[in-house]
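First up is the structure itself, then whatever we jot down about it.
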Amino acid sequence: EAGEECDCGSPANPCCDAATCKLRPGAQCAEGLCCDQCRFIKKGKICRRARGDNPDDRCTGQSADCPRNRFH
C-alpha cells in the first residue's frame, strides 16, 4: 500500500518493522525471489528456471523481484 516499504502483516519478518511497515535499518528487502536475509541476491543468480524457449530468469542485484527474461 502507499507509503509502505514492506508487508507489515507478520511481526515475524526480521526485515520489516511491523509497527511502521518500513524496512529495518540495513535491510534492502523483506521478501521476493531475489531477497535473502534482507539483502538483494547477487546479479546473475537464477531465480526461476527456464521454460520452453525462454531462458532462465536471473536476479539483477538491484531488486528483490525476479524479472521475466523472454526472447522477443
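Quick reminder: no glycine exception, Cβ is built from N, Cα and C everywhere.
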Residue among CYS29, CYS38 that, according to Swiss-Prot, closes a disulfide with CYS35: CYS29
Recorded disulfide partner - CYS66, candidates CYS38, CYS47, source Swiss-Prot: CYS47
According to Swiss-Prot, the disulfide-paired cysteine of CYS34 among CYS15, CYS16, CYS59: CYS59
Residue from CYS6, CYS8, CYS15, CYS16, CYS66 whose C-alpha is spatially nearest that of CYS34 (disulfide bond), among the disulfide-bonded residues: CYS66
Nearest-integer angstrom distance between the alpha carbons (Cα) of CYS38 (disulfide bond) and CYS59 (disulfide bond): 15
Local confidence of the prediction over the domain 'Disintegrin' (1-72), expressed as mean pLDDT: 90
